[in-house]
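Noted in TrEMBL for the protein shown:
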TRANSMEM  21-48  transmembrane segment
DOMAIN    23-507  domain 'Major facilitator superfamily (MFS) profile'
TRANSMEM  68-87  transmembrane segment
TRANSMEM  99-118  transmembrane segment
TRANSMEM  162-189  transmembrane segment
TRANSMEM  212-231  transmembrane segment
TRANSMEM  349-366  transmembrane segment
TRANSMEM  372-391  transmembrane segment
TRANSMEM  403-422  transmembrane segment
TRANSMEM  442-463  transmembrane segment
TRANSMEM  484-503  transmembrane segment
REGION    510-539  region 'Disordered'
Amino acid sequence: MARELQVLNALDVAKTQWYHFTAIIIAGMGFFTDAYDLFCISLVTKLLGRIYYHVDGAEKPGILPPNVSAAVNGVAFCGTLSGQLFFGWLGDKMGRKKVYGMTLMLMVICSIASGLSFSRDAKAVMSTLCFFRFWLGFGIGGDYPLSATIMSEYANKKTRGAFIAAVFAMQGFGILTGGIFAIIISSAFKARFDAPAYQVDALASTVPQADYVWRIILMVGALPAALTYYWRMKMPETARYTALVAKNAKQAATDMSRVLQVDLEAEEQKVEQLTEDKSNQFGLFTKKFLHRHGLHLLGTTTTWFLLDIAFYSQNLFQKDIFSAIGWIPKAQTMNAIDEVYRIARAQTLIALCSTVPGYWFTVAFIDRIGRFAIQLMGFFFMTVFMFALAIPYNHWTHKDNRIGFVVMYSLTFFFANFGPNATTFVVPAEIFPARLRSTCHGISAASGKLGAIVGAFGFLYLAQDQDKAKADAGYPAGIGVKNSLLVLGVVNFFGMVFTFLVPESKGKSLEEMSGENETDEGSVPNAEPRSHNRTVPAV
């Protein structure tokens with residue numbers, strides 16, 4: 001027999017109001033900052049190579065050595081993974097609001113510190129950058145489970161998917177803003193400090209002022225986070241945490257009465273009954289959790305892990321694609337600041353044409369066709385396009401077929417974002433009990449970030465040419481781009497298979513999904529995997 005609290009029911013049936021949009025903006029600005037900070041490093045790595053690893057007399061500009069490049073690009077991922085696990089757990093122990101401010105302050109401080117260094121020595125600069133980017137990633141990691149959980153616990157049943165997806169979609173604007181800001185900064189410096197191309201004058205091609213460019217781009221990431229801090233601190237704790245975890249019915253009713261602008265009864269006795277029900281007191285490492293949610297957690301972790309392998313490895317091919325279609329000329333034909341400008345312009349075009357639209361297609365359709373359909377469709381098309389790029393790979397390398405390659409590549413990104421990249425973030429915030437929701441989302445997200453590390457670094461080595469002489473400097477021979485794309489196609493196929501372990505949460509309350517409002521231990525809805533209890537929405 002279901003026992004639903006009035007305060008939670010009021011949130012579930014509430015019409016879309018201003019506080020919903022306020023919550024999207026407050027939570028979304030964290031993701032805006034996350035995306036800006038994580039992706040802007042790719043805009044400046046070439047510049048760092050030119051400034052700190054210049055070799056006199058070399059035919060090509062200096063580049064970051066493989067180990068330094070891996071550290072600079074990957075250390076934030078390692079921090080993010082750690083932060084997702086730690087702050088996910090802490091969000092269930094201390095409350096979402098208390099921890100939410102910590103993650104934001106960490107992001108602000110470390111964004112600013114990333115642009116500082118203790119000397120002009122290459123080793124000192126890279127060590128400082130890596131140290132602060134690890135802690136920046138740690139703060140960013142905390143934002144994943146907390147933003148998703150807060151938005152899911154504030155939203156109504158009807159549009160909850162769209163609201164959580166809208167928070168995640170702010171990533172697209174963060175990537176876009178990073179590119180646009182880099183274009184503006186590099187254009188301004190290029191106009192003020194003109195320099196010859198590397199092949200004309202190697203030393204003069206990198207002006208001393210170029211050292212400010214990468215620092216400004218990294219440090220500006222602190223601004224949106226700092227602007228949001230005050231509003232995050234003003235947000236009340238979610239009613240679901242206050243009532244179901246902190247067991248304070250009176251505070252939950254007071255907070256939500258103010259937010260919803262209606263009178264709500266405290267229902268202290270009902271909260272006491274719900275929280276003391278032994279069937280709802282199991283922990284994460286128990287047989288009860290394994291029985292109710294074990295397959296769900298396996299589904300959310302594996303699909304996010306597989307998605308991120310494919311999603312982050314795709315970024316590896318961007319430089320080859322940009323060069324192939326002439327968006328980025330050979331490095332020696334440009335000066336240092338011009339190279340930043342061209343890389344930023346190319347990444348901004350990709351974000352504008354495929355990344356941002358994909359996110360917002362998910363927002364528009366997630367509560368109409370459901371999470372399952374979007375995730376399955378996304379993985380399916382990613383599989384198709386990966387194989388379509390891989391099997392006739394030699395065909396795509398010809399000059400006349402460049403545009404087709406870019407279109408296929410962009411469509412893969414589009415269906416990643418109008419697909420599993422958004423749904424893997426949404427679903428873990430909806431299907432687990434309130435006392436474990438943030439922890440389980442953190443575990444799922446950390447699994448995804450592990451996939452990102454495999455995708456970004458495993459494939460960096462794997463995609464190298466089979467002939468060691470043709471591989472990038474410092475790298476061993478790999479299996480080649482064609483075979484790497486075939487492997488990614490298989491990865492996407494398995495993502496499609498594991499999607500069947502994830503339950504559909506469209507139109508259901510969080511308590512229906514987790515079984516928290518059920519008194520009878522034997523009648524918990526949605527405890528079985530998706531394939532046993534669902535009707536697949538028509539696509």
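The backbone N, Cα and C atoms fix where each Cβ goes, glycine too.
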Outside the transmembrane segment (21-48), six or more residues from its ends: residues with CB under 8 Å to it: 61, 63-64, 69, 72-73, 76, 80, 103-104, 107, 111, 114, 126, 133, 136-137, 140, 143-144, 147, 150-151, 154-155, 163, 166-175, 177-179, 182, 210, 213-214, 217-218, 220-222, 224-225, 227-228, 231-232, 235, 315, 331, 336-337, 339-340, 343-344, 347
Dominant neighbour of the transmembrane segment (99-118) in 162-189, 212-231, 349-366, 442-463, by Cβ pairs under 8 Å: 212-231
Within the predicted model, mean pLDDT of the domain 'Major facilitator superfamily (MFS) profile' (23-507): 87
Contact yes or no, the transmembrane segment (442-463) and the transmembrane segment (68-87), 3+ Cβ pairs under 8 Å, gap 6+: yes
Positions on the same chain near the transmembrane segment (212-231), where near means CB under 8 A and six or more residues out: 22, 25-26, 29-30, 32-33, 36-37, 40-41, 43-44, 47-48, 51, 101, 104-105, 107-109, 111-112, 114-116, 178, 181-182, 185-186, 189, 337, 340
Non-local residues, at least 6 beyond the ends, that sit with Cβ under 8 Å of the transmembrane segment (349-366): 161-162, 165-166, 168-169, 171-173, 175-176, 179, 318, 327, 374, 410-411, 413-419, 421-423, 426, 506
Cβ-Cβ under 8 Å with the transmembrane segment (162-189): same-chain residues at least 6 beyond its ends: 20, 23-24, 27-29, 31-36, 39-40, 43-44, 147-148, 151-152, 154-155, 207, 209-210, 212-213, 216-217, 220-221, 337-338, 340-341, 343-345, 347-348, 351-352, 355-356, 358-360, 362-364, 366-367, 417, 422-423, 425-426, 429-430
